[in-house]
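Accompanying notes for the structure given below.
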Amino acid sequence: GYTLKWTAAKDAGLIFVAVYQSLVHLTWIDKLLDNVRALFVDKYGEQLKKEHTSVVNCDTFGTYFDRQIQQLEGADDSTPSVKLTPPSSTDNDSAEESAPAIPVVQKPKQPLYDTSADSTPVPTPDTSRPNTPAQNHLLTGKARPGAKLSRRDRKKATAGNSAPASSGDEASARRKGGAKSATKKNRTWGEFGAEEEDPSVILDYSRSDLGDEATEAEALEEIKQETWGRKTNKGQFVLKDLDEEMDEIIAAQNAKKQKETSVAPSSGLVGSSLGAIGGLFKNIVGGKTLTKEDLAKSLKGMEEHLLKKNVAREAAVRLCESVERDLIGLKTGSFTTIESTIRSSMEKALTKILTPTSSLDLLREITTVNASGRPYVLSIVGVNGVGKSTNLSKIAFFMLQNQHRVLIAAADTFRSGAVEQLGVHVKNLKELSKREGGEVDLFQKGYGKDAANIAQDAVAFAGKNGYNVVLIDTAGRRHNDARLMSNLEKFAKLAQPDKILMVGEALVGSDSVAQARNFNNSFGAGRGLDGFVISKCDTVGDMVGTLVSMVHATGIPVVFLGVGQHYADLRGLNVGSVCRLLMS
């Protein structure tokens, strides 16, 4: 059986429902409902208050929900952990038989850029199948003289009058003319004897005839700064991290609730505290000097735990070895278990790895370089399909919030559509930058040119025309292809970027170690990567082990995290929150 609990947000007209198996006793469901209600109403309340609202864009809310589950599970030690994750595609059949479907809020499909007639890119249809073209544009194969029709073809010909769509001009002429034969037209024979079609027939179906209303440019929705960052006392715009944003919303809701009611603290907190205290009396080893045999079993379990979090095996093994070296011969304190001792030591090891050893203040670096009279140059590299162009546009939007003049250089001269993709981003960023005071332009020389020379020319052009920042997009390349990787050394010498960031997917596993090392060693002597941008973090939940794998393999810090597909979906790294996710 299932247990159902709910809470209502009357001002927004919403009901939040939690359904879980009755056999599992979850003490934190009420807290989860309250937090989810506070987060959802705060983030999407304005959309709900608009008139005639039928769809709410809540595509990023899944990340907030997953974080809430992880935090509440970690706080409740007295109950078994229950992982609420979306079912995989292989579990669809069993899920349909065992539990009813849970209603979800539909996400709207809004175009990222306008669909006007003068727009360079051709808009992609929303439907998975193209619209049926006009009947006078359809082409029908014509039977050659003397050819015999099969039984199926004769049956189709006799049933043609009942078909919903015509098979072409020739078929419609037969239906209108009845028994009368049409006048024979001169045939044009091709090289192989087949009859050629009339060259005047329209074959272009790439754009349908849209009305004036459909071709009007659709304005981009303004992105509020407070939703993804904040202004400092110096007037600089800095990024938020996801945990900071959630904590602010929940804290505000709790303060409001305490102000409205003067009820004593709930018994749930007391119950969880008693459960945590009770857990301390399990496997007590207070005052024991730890040996390798004492740690073996627990360290093996910790290694398996890290592997499940998407940490590469090499990194997981070395982390456990480091913890073992630190703990052998250590005398534990009173009321301390082996598991808690290992957990504490592992958290310290992860914090040490992920904490940058140098400053990551890009804004200060830009100011320092601009003071010397030249633009700040930042380049993006990575394997194919990890989101280099998308994350470059997010970084450009971040720079525009600080009123910088940005030049984007299209140095990906290999991938078809790469230059046009950046053109669309620049077009959108131009419209958004009008509200912020920044300026952005695209530097491109088409396809087939040398990427290193284009980057060098872009930097020179930016210096002559007063740009503050140059962002260079590069072609994706396999990290184990020596021929493609060798071009990066020439690129680094000619462009001389101040910072080279590699984009890596949060989805990749053990291969992230080889990717990071090969790219770091491909820029020549004395030059390597300066940081990582980990993309698609919104798709992995708490399986953020890729961050640890890449940093552990190279010692290079993580600068940005990509958490969505919008320009504002860029966050900074919070080492504490990542460690909590990995140890949850």
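Even glycines carry a Cβ here, placed using N, Cα and C.
Quick look at what TrEMBL lists:
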- 78-92: compositional bias 'Polar residues' (COMPBIAS)
- 116-138: compositional bias 'Polar residues' (COMPBIAS)
- 174-187: compositional bias 'Basic residues' (COMPBIAS)
- 557-570: domain 'SRP54-type proteins GTP-binding' (DOMAIN)
- 73-195: region 'Disordered' (REGION)
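Beyond the domain 'SRP54-type proteins GTP-binding' (557-570), the same-chain residues lying 6 or more positions past its ends with a Cβ under 8 Å from any Cβ of the stretch are 59-60, 63, 223, 227-228, 239, 241-242, 354, 356-358, 360, 362, 387, 390-391, 393-395, 397-398, 428-429, 432, 501, 530-538, 547, 550-551. Across the residues of the domain 'SRP54-type proteins GTP-binding' (557-570), the predicted structure has a mean pLDDT of 87.
When DSSP labels each residue, the domain 'SRP54-type proteins GTP-binding' (557-570) comes out as 0 helix, 6 strand, 8 coil, counted as helix, strand and coil in that order.
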